[in-house]
Amino acid sequence: MEGVVHTGSDASAFRECFSLTWKNPYVLRLAFSAGIGGLLFGYDTGVISGALLYIRDDFKSVDRHTVLQESIVSMAVAGAIIGAAIGGWMNDRFGRRTAILIADFLFFVGAVIMASAPGAPLLIVGRVFVGLGVGMASMTSPLYISEASPAKIRGALVSTNGFLITGGQFLSYLINLAFTKAPGTWRWMLGIAGLPALVQFVLMLLLPESPRWLYRKGREEEAKVILRKIYPAEDVEKEIQDLKESVEAEIKEEGSAKINIMKLLKTKTVRRGLIAGVGLQVFQQFVGINTVMYYSPTIVQLAGFASNRTALLLSLITAGLNALGSIVSIYFIDRTGRKKLLLISLFGVAISLGLLAGVFHETTTHAPMISQVETSHFSNYTCPDYSSARNPGSWDCMKCLKASSPDCGFCASPTNKLLPGACLLSNDTVKDLCHGESRWYTRGCPSNFGWLALIGLALYIISFSPGMGTAPWIVNSEIYPLRFRGVCGGIAATANWISNLIVAQSFLSLTEAIGTSWTFLIFGVISVVALLFVIVYVPETKGLPIEEIEKMLETRTLHFRFWERSHRSDEKSQAV
């Protein structure tokens, strides 16, 4: 149906997708080559979570200053905001293929800079370069796949981009785990990201430009040559005619009136669509997903698992569940509906965040005490704040970790981690003197509740990924009138990246200022607000043509009984 982006696919659509791509490997080559952009996007968002553990070990300034850790993570997001904005203009001016090539170049340069960085400043510069590439690739890759795929399997091929993103995150955790014992650890983790960028650069050099862009630029013969490679002989002439009519209508529509913010806000259907679309994108970030993806190993350590390798291994579970959730979404999004899936997702997110808040509260309030006897075994390395404390008998592990002049760590008892331990200076010498890495705590304290934190993280990902992970993007592709979709989609995507930046830049500071428990509780409250927002402002767009969605937004009324099937929608679906 013209104007509707079908990103969900049922089983028959997948069978047809595999059948057609098997018969025409050229289509699969186009989709796979462009899809590496999604893989790069996912790899970058996942790899920093593990690399940060070892960056802290190498650069003590990063370990001491939370703002540096947050900057290393979030500067890629800041670069992505700029990259997405520049990418939109570059896509129209120079073409989709050229934009992907430039994104690969930026990503490769960023990976080289990060791998060779002598300190935090250059590392942050490398992250900005990577962010620019990610921002451009995140919007260009699905666009290229969409415009270079046969109409019958376009939805299935485009929907795989989301799977490649989560697959890239899972791959990053595997790479992190593989290099934990290698010299240079985090340099390999960040530097190896340049390889897929280089592979995609070479593959894209051998592929053509998007036929739609070529046709739009008057290079009609070039576009027809590509279309004849993509489509079966019996379909190609119809596709060329449809493309011609679509481009002509698009040009005519653009010339009829300029779009500006005031026009958008004055148009009732667009304004209501923007409230729903932008709201979903903002809530997607403010319920805390990227605190889990960017800081998952750190959260695991805060839950009481001291070893970097153990933290990475356990975090691999969350990345795998996230990839699995994207597959579940592809299967259920058109069966269950966007709104119902969003509400189920948010309900699970709220429950899991409540569980995490409770776990970290118990971890904090039941921390092992500090023993003067255990501490005396390391007399030359006693934490200065503990030595000068008026009432050292009241000190526990959490109070020891909060000491900051200088930073201190907790050395657990060699017989039982939960018994009173020592409060010592935090440095590599003391870490080696303590009874192994698994007994040395600088982020969180040993606890009996750590396994509950893992359950909470797993439940969070299982709940988030199939609903809030994908539905906001799908709703934004459907909810706007065709003539406003480009600019409204850009506004919503920018809101998503800005929200991402705010969350990534503030998470560790929040955990230090108010504690991990209260931080997750805030995210939990936001998820409840998001649930109410979806009930009130987000319409169900499953199976509806654009005209029907416009009419629904025009006469928008509160409709709590979202689980009922729409007779008008059913009639439309049967008619189509």
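Every residue gets a Cβ built from N, Cα and C, even glycine.
Automatic, uncurated: that is what TrEMBL annotation is.
Marked as domain 'Major facilitator superfamily (MFS) profile' by TrEMBL: 30-542.
Taken from TrEMBL, the feature transmembrane segment applies to 30-55 (among others). Tertiary proximity for the transmembrane segment (30-55) is limited to same-chain residues at least six positions away from its ends with a CB under 8 Å from its CB atoms, namely 21, 62, 69, 72-73, 76, 100, 103-104, 107, 120, 123, 127, 130-131, 133-134, 137-138, 140-142, 144-145, 148-149, 157, 160-162, 164-173, 175-177, 180, 185-186, 189-190, 193, 196-197, 199-200, 203-204, 207, 230, 290, 293-298, 301, 308, 311-312, 315, 319.
Annotation comment: TrEMBL describes 67-87 (among others) as transmembrane segment. Residues of the same chain lying 6 or more positions beyond the ends of the transmembrane segment (67-87) and with a Cβ under 8 Å from any Cβ of it are 44-45, 48, 52, 55-56, 61, 99, 103, 106, 120, 123-124, 127-140, 294-295, 490, 493-494, 497-498, 500-501, 504-509.
Feature annotation from TrEMBL assigns transmembrane segment to 99-118 (among others).
What TrEMBL records for 124-145 (among others) is transmembrane segment.
Annotation comment: TrEMBL describes 157-179 (among others) as transmembrane segment.
Positions annotated as transmembrane segment by TrEMBL: 185-207 (among others). Same-chain residues lying 6 or more positions outside the transmembrane segment (185-207) and placing a CB less than 8 Å from one of its CB atoms are 29-30, 33-34, 36-37, 39-40, 43-44, 47-48, 50-55, 58, 97, 100-101, 104-105, 107-108, 111-112, 114-116, 126, 130, 133, 172, 175-176, 179.
Per TrEMBL, transmembrane segment is recorded for 273-296 (among others).
Annotation comment: TrEMBL describes 311-334 (among others) as transmembrane segment.
Under the heading transmembrane segment, TrEMBL lists 341-360 (among others).
Away from its own ends, the transmembrane segment (449-475) comes close to residues 5, 7-8, 162, 166, 276-277, 280-281, 283-284, 287, 289, 292, 296, 299-300, 302-305, 314, 317-318, 321-322, 324-326, 328-330, 332-333, 338, 341-349, 351-353, 355-356, 359-360, 362-363, 366, 496, 530, 538, 541 of its chain (Cβ-Cβ under 8 Å, at least six residues beyond either end). Marked as transmembrane segment by TrEMBL: 449-475 (among others).
Long-range contacts of the transmembrane segment (487-508) within the same chain, counting only residues at least 6 positions beyond its ends with a Cβ under 8 Å from a Cβ of the stretch, are 66, 69-71, 73-74, 77-78, 80-81, 84-85, 88, 135, 139, 259, 264, 270, 273-274, 277-278, 280-282, 284-286, 288, 290-291, 294-295, 298, 472, 476-477, 480, 519. The feature transmembrane segment is assigned by TrEMBL to 487-508 (among others).
Feature annotation from TrEMBL assigns transmembrane segment to 520-538 (among others).
Across the domain 'Major facilitator superfamily (MFS) profile' (30-542), the model assigns an average pLDDT of 81.
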